[in-house]
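Pulled from TrEMBL, these are the features on record:
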BINDING   Cys186, Ala187, Ala188, Pro189, Gly190, Ser191, Lys192, Asp217, Asp244, Asp270  S-adenosyl-L-methionine binding site
COMPBIAS  722-732  compositional bias 'Acidic residues'
COMPBIAS  733-753  compositional bias 'Polar residues'
REGION    1-35  region 'Disordered'
REGION    440-463  region 'Disordered'
REGION    696-753  region 'Disordered'
Amino acid sequence: VICVSNMGRKNRNRQRAQQDRDGKPEGKRNRDDAGWGAGYSEIIKENKLFEHYYTELKIVPEGEFEEFMETMREPLPATIRITGYKSHAKEILHTLKEKYFKEVQDLEVDGQKIEAPQPLSWYPDELAWHTNLSRKILRKSPLLEKFHQFLVSETESGNISRQEAVSMIPPLLLKIEPQHKILDMCAAPGSKTAQLIEMLHSDMDVPFPEGFVIANDVDNKRCYLLVHQAKRLNSPCIMVVNHDASSIPRLHIDQDGKKDVLFYDRILCDVPCSGDGTMRKNIDVWKKWTTSNSLHLHGLQIRIAVRGVEQLAVGGRMVYSTCSLNPIEDEAVIAALLEKSEGALELADASADLPGLKYMPGITSWKVMTKEGQWFSDWSEVPTSRHTQIRPTMFPPTDPEKLANMKLERCMRILPHHQNTGGFFVAVLVKKAPMPWNRRYPKGETPAEGNPSVPDTPDPSEVKKDNVCGFSSVTVLHVDMKCSVCYSPPPPKKMKLFGFKEDPFVFLTEDDPIFPPIQAFYNLSPDFPKMNVLTRTHEGKKRHLYMVSKELRNVLLNNSERMKVINTGVKVWSRNTDGEQFGCAFRLAQEGIYTLCPYIRARIINISVEDVKVLLTQENPFLSKLEDDAHNQAKKLEMGSIVLRYLPDPQDLDAPQCPIDLCGWRGKTSLRAFVPRNECLHYLRMVGVEVFRDKQGKRNDGSTETQEGSTEDAEGLSQEADLLEQEGEETEQNGSESNTNDTEPVSTTGGDL
C-alpha cells in the first residue's frame, strides 16, 4: 500500500512538472530551463509556507504579490558585465553592440523570439547587459553559436563576467577609489571581488594603485575558485586569504617605521544567507525553504558584520548584503549592529547612487515565525524553551524614538518583479567614530596619532558569555529587549591550517643576482620597484617571478604568522631554461605585461593592426611577413623575449582605439606571439578577424595549420615556452611553484553566476 501511495504521489508530481516544462520529454532532467542557475525543471515551484510568510510580512507592495510569485517561478535572465578597468572595455562594448547584439535580435529559436539585449539602466557606462536568452538556447542553437563562443572565450579571458544583475550592486555602492584599502569578507566565488579590482584599476596608466583588495573566504576549496576569478584580471593588488570572517585577524602594517593597525577604507560584507532571493536560478530552494534557515544564520551574520565594522576605518563605508528577502537576515542584523554601535555607525542614504535602480525601502516592523508556523511579535512572547533558537536581536527595537533614529528605511530591498532580477538586500553603513568597545586601550598605551580608532584586543579573562544572545561580550548593557547586547566579537580563534599547504612568499632583495641581467636585457627604468618582486620557493632555481604592490608587500611582511594567504601577486617573468645564451634567463609573461610595460625601455617592437593579425593567426611567421616598420625594428633586436606593442591611431576609427601589449619571442628569422589561446581570440576580434570554431572544432580565423617560420627559430625556446597555451590556461590553484594545470570550467554559487 505504501509503495502504491508513493508512486501515485510521484506520478502526480511528475505530471505537474511535465506541465511546467511545456511539453518537454518526460523524465529528462534539464538544468537549462533554470536560466543561468542550478536546479531541475521538474521541481515544483511551490512552497505554501514561503507564500504565507511573505504575505504576512508585507515586504511586497499591496496588489503585487501574485506578480511577485509569478516572476519568482520564471527563469532568471542572463546578464553579462564588461570588465571596466581595462581600456579594452569600450572596444568590447563596441563589438557587442555593433556585431553580436545586431546578429541575435529578431531571431526566432524554437518559436521564441529573441529580443535585443538591453543595458542595465542603473549600471554606469552601459557596461552591464541583460537578455532573455536562457542557457539552453545559447548552448544549443546553431544561430547563436558564435555569440555563445564569444561569451565563453571572453569570460575565460576576464574581459566579460557572467554575473547576476543584483550581485553587481554592492561594489557600486562602496564608491571605490584607487587609493582605498578594501576587505571582501565572504568573497567566493569572486564576481564582486572582480568588480572591486576593476574599480581599483580605473586608471590603466597607474600599474600599482595605492589601494588593494584582500579577499577572504572561510571555505578552503572555494578560495581556489576565488583565485581563478581574480587571476583573470592580472592585478598585483589582490590577495586571497582563508579565514572565518567572524574572527578574521586584525592585521598590522609598518607606518613610518612603527607598527600600526590596518584599517580598511571599504568593506564588502556579503554574508552567508538562506538565499531565498535566488529561487529563480537555484530551483532546489523551493523545496528546501523554511524559516529555520534564517534563524540559524542570524547570529553568524551579526558576528561577521560586527567583525567588519571593527576593522573599518573611521569615515569608511561598509556594504552589508544578502541574497535573502528575510528581515531576520536583513533589517534585524542592521538594527542590532546600529544598536551595538551607540551612534558610531550610520545608515547612509544610497537612493541617489544608482539612478534607475528600482527597490523597496527597508521595513521597520516585522515578526518572527518558527518552522512550524508559530508567530512571535516581541521577545517577551518567546517561551524559554525557544531561547536557543530565537534571539532578542531578531525583533525590531521597541523604543519608537530609537527605531526612528536608525532610519532602517534607508536599507534597499530589490524585488524580482520590479526589474526582472533576483531578490536582494543591501545596506550602506558609514563609520562615524570608533566602536564603543574599541575606545579603551591597554595599560600604558595610547591611540596612534591621527588614528583614534586603534582598538585593543580584549583580555580573555574579561570576556563573558551571554547565554541569551550567544555572543561574547566585554561590557554588558541591559536594554528594553530584556537582553544583554554584546559589545565585542567572540574571542579570537587559533588559526587552523587545513587544505593545501602553501609555498612561502619570498621577496627578492635589491641586490639579488637575478636582477642585473634582467635590468640590462629589458633596460628597466630606475624607478622599477625591485622590492615588490617575489617568488614561491626558498630553494633551487626560481621558476616564476611575481609582483605585488608596495602596500600589499607591507601587509605580507608584517602578518605572515597571523594570516593564511592562498594567493597574491601577478606573474611577470617565467624562466626560460635556454635563455641565458641570449642574455637573460627570464622571458616576459603575458599575465603581467601591463604591470611591467611602464618600466620596460628596450626590446619593444611597435606593430600595426595587420601585424597583429599575422602574429596571432600564424604560429611562427617570418620577419618578412610583418609590415616594413615592424620588420626593420625586429631586425635590429637580438634573439629573446620582446614586447609587441600596438598604439591606436586616432585618425583610423575602424582600428582599435586602445593600446595592446603582447609578449613575443624574436627568433633568428621569425617572431612568435606568446599569448594564451583565449586572449589571442580576444585580440583577433578587436582587430576585426572573425573567430569561430565549427562543430569539428576547427578555427576559421584564417590561421594556418603548419608552422611558417624556420624550425631553427625554436632554438632558445624551452619545452615550457613551447607549451605556452597550456601555461596560459593555468589557474595556479595553490599559487605554488608545484602547481598543475586546471582547465576545467568553473561553476559558481550564491549571488553570483
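Glycine is no exception: its Cβ is also placed from the backbone N, Cα and C atoms.
Annotations in TrEMBL come from automatic prediction, not curation.
The model shown is predicted, which means the values in this text are computed figures rather than measured ones.
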Cβ neighbour count within 10 Å of Lys192 (S-adenosyl-L-methionine binding site): 28
Neighbour-count leader, CB within 10 A, binding-site residues: Cys186, Ala188: Ala188
Farthest-apart CA atoms of Cys186, Ala187, Ala188, Pro189, Gly190, Ser191, Lys192, Asp217, Asp244, Asp270, residues recorded for S-adenosyl-L-methionine, distance in Å: 20
For Asp244 (S-adenosyl-L-methionine binding site), the number of other Cβ atoms found within 10 Å of its own Cβ: 18
